Structures are given as structure tokens and as C-alpha cells.
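Since the structure comes first, as C-alpha cells, the remarks are kept for the end.
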Amino acid sequence: MSSNSTPEKVTAEHVLWYIPNKIGYVRVITAALSFFVMKNHPTAFTWLYSTSCLLDALDGTMARKYNQVSSLGAVLDMVTDRSSTAGLMCFLCVQYPQWCVFFQLMLGLDITSHYMHMYASLSAGKTSHKSVGEGESRLLHLYYTRRDVLFTICAFNELFYAGLYLQLFSNSATFGKWTTIISFPGYVFKQTANVVQLKRAALILADNDAKNANEKNKTY
């Protein structure tokens, strides 16, 4: 009887409460709370912000383990990443006015490259923006297909900004300085990957537009 039973119909409410999506909601809450304590409580901020970042690895694992991969989860994951980093960078713009333009450019690159990369991947019929063949881009293939590489580079990217943040407080200035120095190579790799995926996304979209234009021309 159990082998022939009809699987329960999945509803929107089920998807909303998938285990990885619940983890995603916790990520949003901890990231938001970290903004409230960011100005005066570096220890509390570090714990909350780190929790939000570390849960990023857990939600993907749970999605695969329980077969609960969803578009909602993928989008929630990406916008939480971008929003939490943006919040920290906004604070750094205020505290490091001499580097404000640099932070603005890096934030723009981060948001633009990830949005265009996801949109272009979906437009090309791919189920995930992380599906990058080695022939398309060796760097992005390494970055997106190796979970250890993806986790390490993303961690270094966050640690670079976190190190700059910690340098603002006397009790953690030295630790913050070394955190920034050690994470810098990974940070450079991340920005390079952003540039590469931005270029790749633009080419994919342009190629799709060219194909559509040629198809329309055939009708005339």
C-alpha cells in the first residue's frame, strides 16, 4: 500500500516552510539584528553576522539532503547575501569616507554581477546560476562547482569587510587588521569572479537577443 500511495501534493505553503527556507528566514533575522548593534557592540555584531553567513552553507546542505531545492530558496539565499554585505558596506562608507567610492563601486559590482548572472542563466534555460561548464569559464566553473572553494572565497570576502569593521574598535583593531590582510587574496579572487560573471552574463543575454532578432527577421 505504501509503495503505491500517491505522494502528497506540494503546495505553496509547503515550499514556504521547507527546512532550508526556514534557515533562510533565520539568516534574514540575524542579519537584520546585526545592523541594530553594529555601531556600538562589535562582539554582538560579529556573532549575529557570522551566524547569518555560516547558515548560508547549512541551508544548501539541507535542501539537497531533504530534496527541498526551490527557486524561492535560491533567490532568498542570494538576496540575503547581497543585503547583509550591503548593510555592512554602508556602515564602512560612513566610517571610512576616504574609501567610500571604492566601497560603492564594489557594492555595485557585487549586486549587478550576481543579478545579471542569475537572470542570464535562467534566460538560457538553466535550472541554477551555479551550473557553469568548464568550457564556459574555468574560473566560474571552479568557483561554483567546488563547494569548498565557494565557501572559502565567500568567507574571505566577508572577512575582509569584517576585518575593516573590527579595526574601528580599539579592543579588536589588531585582530581586525590581520583578518583583513589574510583574507585579501580571497577578496581579490571574489571581485575577479564578479567581473568574469558580469561579462559572461552580458554575452549570454546579447546572444539570446541576437537569436531572437534573427528569428523575427525570418518572418519578414
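Just so it is clear, glycine is given a Cβ too, placed from its N, Cα and C backbone atoms.
Features as listed in Swiss-Prot:
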ACT_SITE  Asp81  active site, proton acceptor
BINDING   Asp56, Asp77, Asp81  Mg(2+) 2 binding site
BINDING   Asp56, Asp59, Asp77  Mg(2+) 1 binding site
BINDING   Gly60, Arg64, Ser70  CDP-1,2-diacyl-sn-glycerol binding site
TOPO_DOM  1-20  topological domain 'Cytoplasmic'
TOPO_DOM  42-45  topological domain 'Lumenal'
TOPO_DOM  67-75  topological domain 'Cytoplasmic'
TOPO_DOM  120-145  topological domain 'Cytoplasmic'
TOPO_DOM  167-170  topological domain 'Lumenal'
TOPO_DOM  192-220  topological domain 'Cytoplasmic'
TRANSMEM  21-41  transmembrane segment
TRANSMEM  46-66  transmembrane segment
TRANSMEM  76-96  transmembrane segment
TRANSMEM  99-119  transmembrane segment
TRANSMEM  146-166  transmembrane segment
TRANSMEM  171-191  transmembrane segment
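Annotated features taken from Swiss-Prot, shown on the structure.
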residue : record                                  : Cβ within 10 Å
Asp56   : Mg(2+) 2 binding site                   : 20
Asp59   : Mg(2+) 1 binding site                   : 25
Gly60   : CDP-1,2-diacyl-sn-glycerol binding site : 20
Arg64   : CDP-1,2-diacyl-sn-glycerol binding site : 11
Ser70   : CDP-1,2-diacyl-sn-glycerol binding site : 17
Asp77   : Mg(2+) 2 binding site                   : 20
Asp81   : active site, proton acceptor            : 20
Rounded Cα-Cα span from Asp77 (Mg(2+) 2 binding site) to Gly60 (CDP-1,2-diacyl-sn-glycerol binding site), Å: 9
Rounded Cα separation (Å) that holds between Asp77 (Mg(2+) 2 binding site) and Arg64 (CDP-1,2-diacyl-sn-glycerol binding site): 14
Mean of pLDDT values spanning the topological domain 'Lumenal' (42-45): 96
Asp56 (Mg(2+) 2 binding site) and Arg64 (CDP-1,2-diacyl-sn-glycerol binding site), distance between Cα atoms, whole Å: 13
Residue from Asp56, Asp59, Ser70 whose C-alpha is spatially nearest that of Asp81 (active site, proton acceptor), among the binding-site residues: Asp56
CB-centroid shell, 8 A cutoff, Mg(2+) 1 site Asp56, Asp59, Asp77, site residues removed: Pro20, Ile23, Gly24, Arg27, Leu55, Ala57, Leu58, Gly60, Gly73, Leu76, Thr80, Asp81
Intrachain residues whose Cβ lies under 8 Å of the transmembrane segment (76-96), provided they are six or more past its termini: 21, 24-25, 27-28, 31, 34-35, 38-39, 49, 52-53, 56, 59-60, 103-104, 106-107, 110-111, 114, 118, 154, 157-158, 161-162, 164-165, 168
Whole-number Å value for how far Asp59 (Mg(2+) 1 binding site) lies from Ser70 (CDP-1,2-diacyl-sn-glycerol binding site) (Cα to Cα): 11
Tertiary contacts of the topological domain 'Cytoplasmic' (120-145), as residues 6+ beyond its ends and Cβ separation under 8 Å: 74, 153, 192-193, 196-197, 200-202, 204-205, 208
